[in-house]
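Report on the following structure.
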Amino acid sequence: MEESSGLSSMKFFSDQYLSYADILPPHEARARIEVSVLNLLRILNSPDPAISDLSLINRKRSNSCINQGVLTDVSYIFLSTSFTKSSLTNAKTTKAFVRVWKVMEICFQILLQEKRVTQRELFYKLLCDSPEYFSSQIEVNRSVQDVVALLRCSRYSLGIMASSRGLVAGRLFLQEPDEEVVDCSACGSSGFAISGDLNLLENTVMRSDARYIIIVEKHAIFHRLVEDRVFNHIPCVFITAKGYPDIATRFFLHRMSTTFPDLPILALVDWNPAGLAILCTFKFGSIGMGLEAYRYACNVKWIGLRGDDLNLIPEESLVPQKPKDSQIAKSLMSSKILQENYREELSLMIETGKRAEIEALYCHGYDYLGKYIATKIVQGKYI
């Protein structure tokens, strides 16, 4: 690496228009940490130390770009090569500057020990070791993203395992290495828990005779569909992340999409801005995931709830939107990736000021959800 007069000139690998996090084996991830530390020491030992700024890939919306699929149906959000600075001399960012090195130190130890930890476990370790710098999980999460932005390697490559809330059920057989085959149609209404170990998920063998993959926003709706064994009537696999998707659930869905490329992926979410945001996270990725945003994007179609379903729902079941709905709607409206028919749905949500939850369909009976999904599929009513 060439000599640096300051951390602002720290560059690890080629500056590319697409900024992404590599998936690396442990020894390569350790090497990137060592390079960054050596570069810092070189700066500290220089005759005229200039340790003021730490250059990180800018993770704000203003630095996001869109890749519209040409040879593929998948479009995704990614970050371009634009930098932001965390300054050691600025009182507001001094602690953030130090947190980066504290997190890298722990990650290096984890990699040496060939361990994996969740971000929650990482928080408690840092809270014990450096309470003056880490007082909340959010500070740890942001610092982890800073390290990813600096080293340009994924969290998993740093020994940080995804905490998974995801469940899967239906016409899918899974076999993890050296384990028995799991029949996801025989796991009961609770489904099968998706592992947070991305390496394990990568090496899991998948078999299915399903014709659809259906993402379900809510755990309670997932539970109802699985308990009613709707996958026997509609040959499908149900997946839920119990709300906003975690990395492991997104990774699992992406694995399914590449293993079974001909299976349509359909999303069943509430008709409100939050439901649309959840769908878009599965479909396009999210800026919140920084350099890992694009990796797990899938070609997801919106099956419901949508504006044309409001005639199925009693007026009294439509509830007023919350202040947070307005914030999410504003953010979505400003997104360059939101396609026109999604934008029209969002405009209708804003215009009515109402939100409709999937449970509102129970006015037709508790077994109506399966019929609703089947009708949508037969009529091809998804966008």
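Just so you know, glycine gets a Cβ as well, placed from its N, Cα and C.
Copied from TrEMBL, the annotated features are:
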ACT_SITE  Tyr124  active site, O-(5'-phospho-DNA)-tyrosine intermediate
DOMAIN    96-160  domain 'Spo11/DNA topoisomerase VI subunit A N-terminal'
DOMAIN    212-377  domain 'Topoisomerase 6 subunit A/Spo11 TOPRIM'
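Counting residue by residue with DSSP, the domain 'Spo11/DNA topoisomerase VI subunit A N-terminal' (96-160) contains 46 helix, 4 strand, 15 coil. A C-beta separation below 8 Å, combined with a sequence spacing of at least six in one chain, links Tyr124 (active site, O-(5'-phospho-DNA)-tyrosine intermediate) to none of the other residues.
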